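Novice: What follows is a structure written as structure tokens; I'll ask about it next.
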Amino acid sequence: MSAADYSAKPMSSPSPSPACGAGSPIFVPLDAGGRRLDQVLAELLPQYSRNRLQTWIREGRVSLNGQPVQEPKHKLLGGEFLNLEEVQDEKLAAETPEDIPFPVVYEDEAILIINKPAGLVVHPGSGNWSGTLLNALLHHTPQLAQVPRAGIVHRLDKDTSGLMVVAKTLEAQTDLVRQLQARTVKREYRALLVGYLNRNGTVDAPIGRHPTQRTKMAVVQHNGREARTHYTVLEHFERCTLVQCRLETGRTHQIRVHMAALGFPLVGDAVYNKGKTAGVRFPRQALHAYRLGLIHPLTREPMQWDAPVPDDMAALLKTLRSEWDEIKTLRRQRQEEAWAEEWGDDWEDEEEVEVLEAEGAELLEDEDFDDEADE
């Protein structure tokens, strides 16, 4: 029987016990002979994604009868013993499905459009190995365990809310990545800036790691990546400006870095706002990805989704509008009072002139009468 025949045949041995896992010897069933190492290991250890297991194989974490095997395609004989090197629990948690709710805007067999809430980390990493969007996606759509990065093709910062697209198949992921690289994906944001920005424009400045603070990004002159942000003023408040930002590129922290470099940092940005509050307190950066447009990977039809700003940002904007309306009303009243006072002085002067003119006219009439009488 050929290896191809084996690949289509399920193993007849019982499912592995919960004890099977990292550090425990794993017996390879005899009927697994001729099959790929990564395929068999994925069936024996279903708690791990095949992508993760392939990574561990390449890293030399898997041994076969005591000998390391670093080729996922290695064909098994059947009857061997596999060992998987112990892996840190925190990294295992990175690919554990978790029941974390998130709003779904649209879903079909190829893509998933979500409205990420602020405070949700997209990818697992140092300090955030669980409780991430990736964990939530694996619970919502278990098949995403077979797609690299659970289908995530772009990201939003933890405290940025808004629309994201997730690929549900490898083919869709490949297509979406190509669209992002070609810069044909439309991504527009609402951002509240500190200061009174009175013009539309474009920030065209490369972004790279901050030269001294490595956890930050910055506009840099050397070794930076091309970055371009187009911005349009939407609304003014007393000391803040609401703008629309359209990304032409997608660099880490791009809008936050570019607006700060322009001199108008985001309200609530704890990293790039150097103490400029304009009297406005907000627990996160006031940034929301409100529009997403792309070509559907399967139908090739253009699609677009909008998501209104979330409740916290909407409440902030409502408060700013109310305060700004009160300020404008008060200023208008004061201006009208000043005009009234100025006009009042003018009216008094005009009344005095009218009185003098009237008295003069009476004198002229008397003189004319006297002249006529003399005649």
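Using N, Cα and C of the backbone, Cβ positions are placed for all residues, glycine too.
Small disclaimer: the values here were computed from a predicted structure and weren't measured.
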Novice: Need the matching range: TrEMBL marks region 'Disordered' on one of 1-20, 41-60, 121-140, 141-160, and I'd like to know which.
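Specialist: Spelled out, TrEMBL records region 'Disordered' over residues 1-20, not the other listed ranges.
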Novice: Taking the Cβ of Asp157 (active site) as the centre, count every other Cβ atom within 10 Å, in any protein chain shown.
Specialist: 19
Novice: DSSP on Asp157 (active site), three-state: which is it?
Specialist: coil
